[in-house]
Structure formats: C-alpha cells, structure tokens
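The next block holds one structure in the form of structure tokens; read it before the comments.
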Amino acid sequence: MPQELHDTQNQNTQEKSPGTPGLYVAVGASAGGLEAIEAFFADMSSSSGLAFIVIQHLSPDYKSLMKEILSKKTSMHVHRIEEGMEVLPDNIYLIPPKKNLTIFHGRLFLSEQEHTKGLINLPIDIFLRSLAEDQGEKAVSIILSGSGSDGMRGVRAIKEHGGMVMVQSEDSAKFDSMPRSAISTGLVDFVLPPEEMPGQLVSYAKHPYVAKAEKSDRVISDDDAMTKIFAILRDKYKVDFTHYKPSTLTRRIQRRMTINHISDIHDYVSYMQSYPNEAATLFREFLIGVTRFFRDREAFEALKDNWLQEVLSTRQNNEMRFWIPGCSTGEEAYTLAILARECMEQTGRMRDIKIFATDIDRNALQVAGAGSYPESIAADVPPDLLAKYFYKKKDSFQIARNIREMVVFAQHNLIKDPPFTNIDLISCRNLLIYLQTDLQRKVLEFFNFSLNMRGILFLGTSETTGEMGDYFESLDHKHKIYRTRGRVKNTLGARETLRSSDNVYHMNRERNALPGRNLRGREDLILERFLNVLEEEHIHLAVIVNDHMEVLHVIGNSEGYFKLPSGKQSMDISKMAANDLAIPISTGIQKVLRQNEPLHFSNIRVRYQGDHRMVDMRIKPLPQKKGQDPLVAVFLDESKKQQDKLACQDVDQTYDISREAEQRIHDLEQELQFTRENLQATIEELETANEELQATNEELLASNEELQSTNEELQSTNQELYSVNSEYQNKIIELTELHNDVDNLLSATQIGKLLLDENMEIRRFSPKVTNIFKLLDSDVGRPISHIAHYLQGLDPIEVIENVHKSGEMSEKEARTREGRWYLMRVVPYEVAPEVFSGTVTSFVDITRIKETEAALKTKEALLEQTQRLSRVGGWEMDAATGSITWTDEVYNIYGVSKDYNPSDVEKDMQFYTPEGRDRLQEAFKLALERGIPYDLELPFTKADGTRIWVRTSGLPEKKDGKVVRILGNIMDITQMKEIQQALRESEKYYRNLFSQMPNAFALHEIVLDHDEQPCDYTFLEVNPAFEEMTGLKARDILGRRVLEVLPETEESWIQRYARVALGGPPEDIQDYSLELQKYFKVRVFSPEYKKFAVIFDEIRDTSDISRALRDCEEKLKKLQENSSPGGK
C-alpha cells in the first residue's frame, strides 16, 4: 500500500468497533432520494452487523445536511467519509460533494471528480465496480430514486462478482429513471419500496451461505443435484453447463438459494421444477455478461496500434472477417468495429469488414442488435468517438448506421455449433475463464481452425492459451494478443470428440515431427514435471527421455557416460550412451515405460579413461497428466554415494558384467544385428510389393481428409449463411413494415413530398407533388431537372440545388399558374449526424392561409382607416416586460412621429394635465395590480401644445389569477365634448322655451300587448302648461301609464295616438275627454317609432264646441249602427 495511504490511516480518528461487516451495502440515490434514504434507515436495525455506504449526486455549491438528517433517523454512527477511513459494521458512511469514492481492502479512498467537457461523472457506478472487485459476494447494491442511469453498470459488476442487488419499486420512487435503468438489466434480485428493504436485507444476511455457516463444497460435492439442475437448463435452453467452472456456477446457485430462502440443494431442485421462472432467472445468472465499451482501453489501443493496422495492411483480399464469440450485449463488437473504422481512415486502406458477433443469450443479442445504449456509456467512450459514431436519441445513445452495418449478430453455441471459418481476428475476452481446462483447450483448437494464416487471437486480461502454445504464438503477453501458428487437420475429430458423452479429448503429436519443434512450446511443462521428481533426489547426472528413446534434457556432467555418435545425428539414448551403459539403459527404460514403476540398477561397471568405476542407475517415470506424452528420468551416480541410501528401494537389481559375459553379449548383438538386417531386407521387399496399394490408400485417405475439411467448412459457411439470413429476414420484415408506413404516410398526408438522392434523381414522391411537377410513376430514377413544373416566379430546381450544395434548409412561397399558393420547404436528407444523401422537399398548400392573410390585411387597412376616421387608437402592454405597442392612430393623437418609444409609461403620462394624470395613474395601478378595468375622460395636451379631450380605457387580461397584459384604447373626444356642450346649451334654451310655451305639450310612448296590438301609452315628458290645463302633476304621472293615471280614458284616444306613433302621418284631433270633462284641440306627431308628441289647447269657443259635439254625435250614431242586430 502506498505510504501516503498508510499515513492517512494512522491519522484516521474514526471510532473502531470489533469485527468486519457481514455485508458492505452501497446505497445509491439521486433526485428524490432523500425521502427514500430516510425511510430505509428509519426501519433498519442498528445492530445488524452490516456497513452502509451512501453515494448521492450532491451539489458542489451547497453543504450536505445528510449526516444531521440521518442521525435523527437511526442510532448508528453516521460519518462523512475521510481519506483511508476503515469500514466498520453498524456504521453509515456518506460521500462528500465533488468526490468519487473507491474501496480497497475495506478502506475508503476519495478522488476528485472529473468535469471534462463531454464526460459524464457517474459516482454510483464507480463505487459499485470498486466494491464488487474488493468484496465480491459480500457486496450489496441498493438503487433508490434518481434521474439518469447511474448505477446500471455497477449493478452488472455486483452480480458478476456474486453480490446481491435491491432496487426501489418504480411506483414508490419520485424519479424512476435510475430504478428503471437498473431493473432493465434483468439482474435485480429484489424490487421493493424503501421501507420493506431492511427486513429483506437482514434476512438475506442471516442466510447460512451468506453468513458462511455452510461451505460451497457441500453444493459442489452433490453431483446428483447439480446434474439435475444442468439437465433442467439443458432441456429448456439447449445449453449444457457441465464443463463450466463449478466454482462460478456454485456461487450463483447459492445466491439464488439465498434469495429464495432455501438452504438445501435438493429443495432448490424441487423449487426449480415447480417454478419454471426460477430456471429462467438462474439461466440469466449463469450468463451474466459484464461488458462495456473499450473495456481495458489500454489493451484495445495496443490491438489497434500494433496489430489491427498490420492485419488491414497485409490482407490481400478486400473482404475481412472478425469473430467475437460471447459478445453479450454488443459493446465489444461495436468497439472493435469503431477501431477498425478508425484504422481504415488512418491508413487509407478501406476494407469490407464483416464482424460476426455471437452469443447463446437471445435477450442480450436483441439489445445488441438494437444498438441503443444508456447515457452512461459517455464515461467509457472517448468524447471524439462518441460524437463521431453515436447520436443522441432522447435519454440514450444510438450507434451510427455505418458501424451497425459492419456487425452481424447471431445466436451461436460455441461448444456445439460449427465454428466460423476464414477468420482474420477473433476477440474472445473473459469467456475462457468460465470454462474448465479441457473445454478451454477444445475452444482454443476451434479458434485455431477458424483463423486464417497469421490470424490474430485477442483474449482477456486473465486468460492465456495455456497448454495450447503449439497452436498460438504470443505477440503481446501483457495484453494477451496471439497469432495462430497454422491450421491443424484434426479439428473435425476434436469437435466430434467434444460432442461425445464422456468429453474425452486428446491431441496426438505427429510421429515424424522434429522433437525440438514440439519441445519449444512445452519445455516449461517438461521441466516442471521433471523437477517434481528431482526435488526428491540428489544426483550426479540426470537425463529426461521420451517414449521414443529420445533425449529431451540433460542435467549434470555427462562426460564418460554419453557421447555424440559420428555420422547423422540421432538423439536415441541407446546410441549416445557408453557401451557399458547402452544395454541397461535401453532395457530399463522399456521396462519402466511398460510397467510405469521405478527401476534401480546398482554396481554397473563403466570404463572411463582406462579405469573402471561402479555406477548406480535409477529410472523413474515422470508424473503424467491426461493428454501428455510419457516421459522417464534416468539418474546416474557413483555407487559409493548412493549404495546405502538406495538399499531399501522397491526394485533393486545388481548389474555386474564380466569380460566373458560382455564378449558373449557382444557376439549376440552382432548376430541380432545380422538378423535385423535380413528382416529389414524382407520388410523392404514386402513394402515394395505393397507400395502401389499404400499409395492408393494414402490418396484415398488424403481425399477423405480433404472431403472432411471441405464438409467442415461448408457446415461453418452454412451456419454463417443461416445467421446472416436470419438477420436479413428480420431486416426485410422491418423494411417492409417501414415501407408500408412510409407509403401510407405519403398517400394520407395532404402535403406533397419529393425525395431526391445525392445525384438529384427522383427517389420517391407523394401524389400531391403532381400539382407542382408533371410527374408520372415511371419518372422515379430520372433527374428532377428533366421534369417541368407549374410554379410562377420561382425555380424550385434551383432552390433544391442550393440546399444540396449548402446542406442548409430553405423555405420559399410560390404560386402556380392556377392561382394556388404553396410553401416550399427543402431540407437535406440526413443519413447520420452531419452526413447527407440527397434532399427532402415538402409542398404545403397555403392558399387558404394566403386568402386569409389578404382578407386580414384588408380588415387591418379598414380598421386603420376606421380608427383614423373615428380618431380611436389601440394599445397593448405586456405586464411582465412593460413593453407597450401602439396603433398608428395613437401616434396621431399624441402628435408624435413613429420613432417615438411608447414603453416609457411615466413619460406618456406627462401628456395629461396634472389632475388627469393623478386619476390615470391610480386607475392604471389598480388595473395592473388588481385587474380592475378603467374608462376615463381626461384633458390632454398634444406634443405641439394643442389642448384636447381624450377618452382612455384599459382592460386587464389575467392568467392563473395574475395580470399578464392590458388592452386599451384612446379616443380623441374633443369634438364630442364640444357637441355635448352645444347640446347642453341647446337643451337649456329649448327647455326654457318648452317651459314657457302657452300650449300644453306631452311626450308619450305606445305600449303593445303580446299580440303586438296597442293597449296603453306611457307619460315621458310634460310641460307646465300641460299640468295647468289637465290638472295632472308631472311628478305623479311621468313613467306611468295613462290607464293607471286616468283609468276611464277612451279606447279611441289610444288607437288614434297609436296610429301616428306606429308610422302614421301627423293628425289634428278635436274631441271631448270624458275623464277630464273638457274639449281639446290636439295636434299629434311622431318624433320616432313608437313615440308620439301632442300639442293641445282647451276649446272654449262655442262654435268649436258645437263642431266637436256634431262630431261626437256622428261617431255615436256610427257606434249604434254597428252595434244594432242588422248593422254591418
């Protein structure tokens, strides 16, 4: 650990409590998370033995009060995190503002947040990944309310390392974006409201597997239960997990048992059989694929700079093929596509690159195929590449089309399905670590078969080629980049063996291969096996020999024991050994290889420099693993050093040869050699006789091998074609639906659409475009410049060409020869951000709008004229900004030019007289503050000093109870004021005249019944002469009806008056009034409809009275005649 961290820990004053936390619980929250955090800790036990680290999105500008708030909700100690602080049980730790947090060996470390432009800081993801790597199965993630997708990648890391994930239910979260993003991973164990989480968390912590009361060996050792689990998954998903690493699978089975509160593995098997959804969940657990863009960026940069450019440069064909098995949700595939695209642009060598990205998880492939990723990828993708190869789509990033088209996603079982062939690069990162050694070796052989000569293999940081060094050459050991040594011919057999039930796999070395070539790749393994034996021995000389009697390695001084024979060199130990040792060595090695037991010869006499010495020889088999060649070690030492020590060996044979016996043996060897030579001659004769048959057989074998290889390649090609065809079928369906949608959209809309390609040729058009261009269906594909149009005063083709060149939208209005108006809008056809391929032209019929505009202009002109004639101006004030708008007539009333700025209210008020200004200011204030309208007549002084009268009014307009603007008008009423003054004077004059006239005068209004027939009349006005002549007082009769005042009034008076009031000519009447008992001479006329005026005098002259009586008698006679039975 760095010294500064050590010093920081020594300075840490945190109160320590015994023990380490049972679980490390990371609580992530953002917007709306405060209430959720309070609810969680309010119900959380303060003695659970768990530790809690709270990660929030905090404002850098305000001090966080979370410590004070949580201290009121729980009795646990609450700490603001300091550098190097140790995490203890039953404590709560809060991240400070502007910091990112990591954990190492149970201690917390802070770092400054990066605020580089375009880089999103994700503190929850950063800590969750750190916690997963540091604590593994003891890590718990809780995601509460918040906006964005922070925590989504951290959840994957927690699950990958065996931890548990809880998420707040969406309906209980104020902001559900963070919970929804976490749930979308499909890896969440519990979705609960915050108040229900503590109980579930404590229950989880107390489970035997979590509390380490039981060990994982118990699950692993139960082969029957594990076999049943694998069988359930294999039957449902066609995937066999038998050869995956048991430790990984066991941890994930344990986690599911813990989540479901099950302690016994057999009970869990029954649970899986009863609840099919649990099998689906466990299958997802097994397939957790933690991946991200540019994961281990240094390794990807090394691949790009050192090897990817070389592959692109040396490849002869234009087409290149990459394969990414286990691609999960596609981030690695797109990363490789982006790097390849960058390399092609840098080198200027364009290639047709096809990337096959495969996985057995169909759900992951659907995510990958969509190419849509959360905003959090901005933390992984360099900003320049993010802007270049992604485009923003709501709250996600969408991969660019040119990258998406490079990748083919397909479901593929790496173990069961045929491998892809003719591959230039395979990227298989962090997949082999989940497989057992035998399965790793078989998969690597598949890769070797798939790769072209000099093809590249790219593995994960923790992966190597292991025992398959014969197949692959290491190019970059640090970043795990390898190159194939060439294709091996028995891949087909290997795959068939792989599919067999016993899963036995062995790679036989070719007999005619040079020992040195095979040893180069396995020298370390040979030495390792030898040293396991050597550590038990104290030897003078040791030799390692294989089952072909070939010397592989020599340790010690071999002088006097071994020599290089003359002639063609051979590594046969029997030919290299001294004469005295040749027979015992060859005999002993054969016996040890046959019986696989150690052997000891003592007291072998060996001549050396004219002298004899006694030698002990021990031969031991080296430890051998499955699939390894047998090796033996030969140990030689002088007898006096080893005799006592080796007295108790299991096999101890003394080997002493006398001179006679030696001579006899020499003779026998000569005879044996002669016999061998004869036998060899006979064999050669037989071989010659059988040579043609062997040649024919070899040709058949070679042909059969070629056919098998061809068949293998055909199967692989068929698999590729099937994968590509499946994706193309889906694309065809999508394109068909899209084509139908576009056709219906174009035909249904009333807007003309014209689509042109980059060559200004017609790609598609809607029916309405035929109103603009003389188009036929057969014109698709023709240049638009060949087509005539109906527009006047505008060349649409010129407008389209300008947009095509500039890439900027253009709008024009034009009229056709038939008089219809269209709005022409031309925009570039965008295939990717800032990448254009043609134009889209819209024609919107705006004839109605134009007609409305013309009518509106006419009405505006009429209104302006009316305002000018009536001398009325309108104005409007925005209450928020104080800006005021005047019509032209207001400027005329004020006597100012159009340059005058009306927005200075105080300045405008100065045109009013002081007394009028005070009234207006008070009224305007009430209108603005309380919404009270006003209407005032005030004296006004124009700009040139002319005094006039104006009538000004204001009507407030409210929104949500608040005044937003005031509408008003101002009218020059000077002339009206003058008329009113004249009228008042005239009225005074005529009223004086009216009161002084000697004749009686009265003004009445006829009253009609519901049948519109006259039935009464009302007194409106009378003069003093009327009062004197009739005896009726004005105060008693005005506003009342005559039948109320004089109930006996004759009907004839009402009808005669009505005749004149309803439009008849004036009449002169002389008649007697029974009610008043007087004779009157009456003049009747109508000043307006339904009203009549009477001027009358009382008749006192007898001649007039006589005449009136005669008239009455005649009327009376007529009435009698009409009332008699025989009258008409």
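Cβ coordinates come from backbone N, Cα and C, glycine included.
Pulled from TrEMBL, these are the features on record:
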type	residues	note
REGION	1-21	region 'Disordered'
COMPBIAS	8-17	compositional bias 'Polar residues'
DOMAIN	18-208	domain 'CheB-type methylesterase'
ACT_SITE	S30	active site
ACT_SITE	H57	active site
ACT_SITE	D150	active site
DOMAIN	214-473	domain 'CheR-type methyltransferase'
COILED	651-731	coiled coil
DOMAIN	934-985	domain 'PAC'
DOMAIN	986-1065	domain 'PAS'
Whole-number Å value for how far D150 (active site) lies from H57 (active site) (Cα to Cα): 10
H57 (active site) CB neighbourhood, other CB atoms within 10 A: 20
Summary of DSSP states over the domain 'PAS' (986-1065), given as helix, strand and coil counts: 37 helix, 19 strand, 24 coil
Candidates S30, D150: member of the active-site residues with the richest Cβ shell (10 Å): D150
Across the domain 'CheR-type methyltransferase' (214-473), average pLDDT on the 0 to 100 scale: 82
Pairwise CA distance, S30 (active site) versus D150 (active site), rounded so that it is a whole Å: 9
